[in-house]
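What TrEMBL says about this one:
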BINDING   110, 111, 112, 113, 114, 115, 116, 117  ATP binding site
COILED    549-625  coiled coil
COMPBIAS  682-695  compositional bias 'Basic and acidic residues'
DOMAIN    23-430  domain 'Kinesin motor'
REGION    170-192  region 'Disordered'
REGION    672-731  region 'Disordered'
REGION    814-840  region 'Disordered'
């Protein structure tokens, strides 16, 4: 149904962007398996592929089959990877890009207890990505670092340049302010726990730094706790009872609608500032991790740089030439399930906020991927979380984004690890704009070195002439004033040989310059002597104060050394106590587990012993019953075999009697024509059981000879095969061809090797040729005949009527001493069975 009204203007198609983009670099680091964990569910296949397999007792899908899944990364770091190797592959290129005015983002992601904080911050002797990145940055820009307040933030994510006078006034104003109360040992001395964070042999620097620029570093260290931002570099003393002061540094949009965080300039050693902030992070002991991070930490390094002027002496006072780049190092808190951590109260709230922020990050990645792959323009929900709001600069801007996925291979984290792998697989499909190179200022290279060489040469020449030497650090304005105070030299060009004015004028100027120089030398010597006497007196006072100060310092050092030794001893004892408590707890749990296993095994042993006794008793009873049954069966079968043997003997005797009787009748028929005077042979006596029971009784008299003449069939009917019915002649394939003269010939017969309903429906009669071995060892062929009729169910049935038997006998077989009764080689006998049979 169409709606009448004003039509909507279609959205204009999105123009194809020509900006080159790179995918997010996703790396994977596998944590070593703990001593208490036995089963591993993560396997490293190659340098870029890992494989997850379901642990024992967990079915990965509904049909009960265990499913193995493989995930690919830019690079996979195994359990033997060191912190230096991880830094060289992941963070070192980002620091180089930071020096070359390119932004970067590096964050860790994974389940709680997977090693994210260790990867980012490290431990004493094994510094993580963050301290190594700062160490490389300051080692690279150290000689070219500008003085304080030369670069000043403009609160719009940009920088302003101040001249030397403004910077000096700003420094004096800041130094004259009263110091803020601080914690006792936060800034004066580095924590001994982190004193050896980075091995000096592993220090590195960038060789591609632009020496014709001045650099200034600004840092900020914040944590996002319960979706609130807190400043970890706040100079106010830390009160563990009162909550932290909410992050007061201004956060607002810059001219590019990005998030701007005001940072502070760093000139002192960075670790002295970073360590107290690191200790202020919120951590807690949970069921899954003894030191679980309860907040997201964001350490931002902002590097401002500007080129020197043409003389290579001062910074070029042009704001358009200032380049600002920043590197963000984020340690995300781990996702966790409250069913496993059993969190309550504040811990439950912390876990909910952590999971909610990570879910918002996942949603942003999904929307970004959909917009890039499908060309849509959906709004990315960056503002739903503080973490994603800070990430907006990097995903919507330009730079490099890298993620380190930390994986714990133990079987208990298998389901959470699957979700982390899916997020990593999706993040690799998100692309970020590739950073462009900064424009060249157009000044000649090597300006700083030329200026230094000029100053050194000038100072050397002044020393040779006896004038005061000016080092590189002296003010060049004073030197220029002294040079300009001398009278200028006149024109020394001689045009006419008779010119008598040029040389006298030059001599006069030179004499005046010589007089001024002598006066300056005398004044300089007088001032130098005064300064020397004042300096000598000052040196004496300074030496006395220095000696007193050295004595006080020696005493203070001794006290500090003693205090440090005591503190280290206390820390060592506390660590030892915690270790012993942890071991005792583990041993107690192990003992309880072993006791429980012992009780269960003992109960199972007693149950099995009782079952074994019952089975042995049942076995003995069964053996007795079997022995009785075997004895009864043996007696029974002995009697049965004896009975069957007797019956078989009687049956064979009856068959022999029948054969003898038939042979006698046949002999009588054959010899009938030879003469009637032949006496009929005696009829053999038929064996009887009465003879066996009573041997004294006499045998009955032999029956009289059969009447003369041909035998006649008593049924007086024609054979069924002589009619006009249609027959089914069933001759199995296993029947043998005996080659006899007499063969059954059935007209209108359908010969088959196996009966079928189709064949039976076409015929009215059925005959089966069956062969079996007779009692005399000869093969008998039986023709089993029957009628075919239709059943009520629609099938075919056969009702058997009679059987015709064809048997072949050999004349060479002796018949118990009897003579052959006929020269014929074969005979056919037809027998009728009662009653007839039928089958369906």
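Every residue, even glycine, has its Cβ placed from backbone N, Cα and C.
Recorded features from TrEMBL, shown on the structure.
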{"residue": "110", "record": "ATP binding site", "contacts (Cβ under 8 Å, 6+ apart)": "116, 334, 405, 406, 407, 408, 420"}
{"residue": "111", "record": "ATP binding site", "contacts (Cβ under 8 Å, 6+ apart)": "334, 335, 336, 406, 407, 408, 413, 416, 417, 420"}
{"residue": "114", "record": "ATP binding site", "contacts (Cβ under 8 Å, 6+ apart)": "31, 334, 406, 407, 408, 413"}
{"residue": "115", "record": "ATP binding site", "contacts (Cβ under 8 Å, 6+ apart)": "29, 31, 406, 408"}
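A strand conformation is recorded for residue 110 (ATP binding site) in the three-state DSSP classification. For residue 117 (ATP binding site), the Cβ neighbour count at a 10 Å cut-off comes to 25, with all displayed protein chains included. The local packing around residue 112 (ATP binding site), expressed as other Cβ atoms within 10 Å of its Cβ over all shown chains, amounts to 23. Look at residue 116 (ATP binding site): DSSP puts it in a helix.
Mean pLDDT for the coiled coil (549-625) in this predicted model: 91. Residue 116 (ATP binding site) has a Cβ environment of 26 other Cβ atoms inside 10 Å.
Of all the Cβ atoms in the protein chains shown, 24 others lie within 10 Å of the Cβ of residue 113 (ATP binding site).
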